[in-house]
Amino acid sequence: MPLLALARLLAAPIGDVDIFWQLRLGDLMLDSHWPVTREPFAATHLGEALVPLSALAQIVLAGVRRLGGWPAVQIVDALAWTGGFLAVGLAARARGAMPLRLALALVLCQLMAMPFAGVRPQSFAVLGLGALILLLGRELPLRRTLLAGGAVLVLWQNLHPSVSLAAAYLGARAAAGWLRHRTGRRTTPPWAETLLLPLAGLAMVATPAGFAVFDMATLNARMSTAMGATEWLSVLDPQNRPFLPILLILNGGVLALLGVVRRELDLEALAGALVFLLMALIAGRFVLFWALALVPVLAGGRHDSGPIDRLALLLFAAGAGVIALTAAARPGPRFAPDLPIAAVDRLAARGLAGTVYASYPFGGVIADRGFPRLRVAFDGRYYRYGMAEWDLCRAAMAGQVPVSALVARYRPVAWVLSPGMDRPLIEALRAQPQAWREVPGDPAAVLFVPAGAGSGRAYTPAFTSQSWNSRTGRLSSARGRQTNQ
């Protein structure tokens, strides 16, 4: 079943808008051999403190892109995501789960999780949780469990700052285990979960972000909710209603399968999974981890630990290799049609330098493909900008802010706007042909450049060129005349 998910992930186009700035941060870290701690992209925040989150994932994926391009990035991401489900499947088999029940559990849970899949560092969190569940399911000697578990937790937090999920999962499992032990339903105390719990707490700060990760996590959740990011809203929120029918159907299947395996339930694993269900009622993104943690619960078992199925691993490796090679053989990367790849490439080829006012989902593409000459007024990092800035952004999208006010604030050398989100602003710019010229060629975005650009005469935009030194992590400024080609 993980092979089907792998094929599905690799067949889908790359559509996550944030992966672009993440990989550019990874490039900067590869060049400087140091985490990026100063803002390099946002025009109004250049040089301000930047908390490095997911630094290891950004470095890994940027290195992969240098070696194999975007297809390789997509393959590594998909392998991490499906690797998490493979791990929980192996945990269920180690507990004696029947193959048919395990297959049904994997199908149900992967279908539930698929809407939340995408090329981004979160895929490493799926792998991390899967590895942790497999480790607990193997019932290894305590010392080995703690050593391996500590390594998994530290790597997980550096790849994606979500080890707090592991802490919640371990806490629920430990509580259920101690309750069963006290009531005589479990012979051994749950020492593995109990001792891994403080290790998870330590792992949260074992990154370049240190203790700042807590403030950033709180700020990101608050700003994402305020901006109406669907994955940060409850699964019961009206904006998530399109997902509800399929989620209800799949969870109906979950209840049916729970009824089948009710006498074989791993109550500790069930307690851990229920934590993610409660989280999903607060933010829909946690459905992914609810689905992952459910697999060994739904698969049931005989409560006897057996050897890892090496044949299954070999078959998965062979199948994954064939699928990955097939994906790598496809010509060029496959991006979602709503990404402004063509518009940004046309803009970068013009040689302009300075701030680009763009629809905020487009900021990541500009940061990646236009850096270091181009900066962005906004991008998809909700935590990077204050609410006053976001209020201005939304008002501009609605046509409530004059173009002259935006020009005075951002001094844009170009505009890259969404035909769907920014229609009033696009019409306002079209009404000023003496100042801004529309450049056709990308159905995903409307590109405007100064009317004097590309006319064959020298053009001097009003901007300050900022250059980024990846080794020192410092910005230098220089005003200069830009002659367009």
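The backbone N, Cα and C atoms fix where each Cβ goes, and this holds for glycine too.
What TrEMBL records for 75-92 (among others) is transmembrane segment. Tertiary proximity for the transmembrane segment (75-92) is limited to same-chain residues at least six positions away from its ends with a CB under 8 Å from its CB atoms, namely 1-3, 5-6, 9-10, 60-61, 64, 68, 102, 105-106, 109-110, 113, 117, 119-120, 123-124, 126-131, 133-134, 136-138, 292-293, 295-296, 299-301, 308-309, 312-313, 316, 320, 324, 327-328.
According to TrEMBL, the feature transmembrane segment maps to 98-117 (among others).
Annotation source TrEMBL lists transmembrane segment at 124-142 (among others).
The transmembrane segment annotation in TrEMBL covers 191-214 (among others). Residues 35, 37, 51-53, 55, 132, 136, 142, 145-146, 149-150, 153-154, 156-158, 161, 163-164, 166-167, 170-171, 173-174, 177-178, 268 of the same chain, all 6+ positions outside the transmembrane segment (191-214), place their C-beta atoms under 8 angstroms from a C-beta of that stretch.
If you look up TrEMBL, you'll see 243-261 (among others) marked as transmembrane segment.
The transmembrane segment annotation in TrEMBL covers 273-299 (among others). Same-chain neighbours of the transmembrane segment (273-299): 84-85, 88-89, 91-93, 95, 97-98, 101-102, 104-106, 108-110, 112-113, 115-117, 122, 125-126, 129-130, 133, 137, 165, 168-169, 171-172, 221, 225, 230-237, 240, 243, 247, 254, 257-258, 261, 265-266, counting only residues six or more beyond its ends whose CB sits under 8 Å from a CB of the stretch.
According to TrEMBL, the transmembrane segment annotation covers 311-329 (among others).
Taken from TrEMBL, the feature region 'Disordered' covers 463-485.
Only residues 6 or more beyond the boundaries of the transmembrane segment (98-117), in the same chain, are considered here, and those with a CB under 8 A from a CB of the stretch are 1-2, 4-5, 8-9, 12, 81, 85, 89, 92, 123, 126, 231, 243, 246-247, 250-251, 253-254, 257, 260-261, 284-285, 287-288, 290-292, 294-300.
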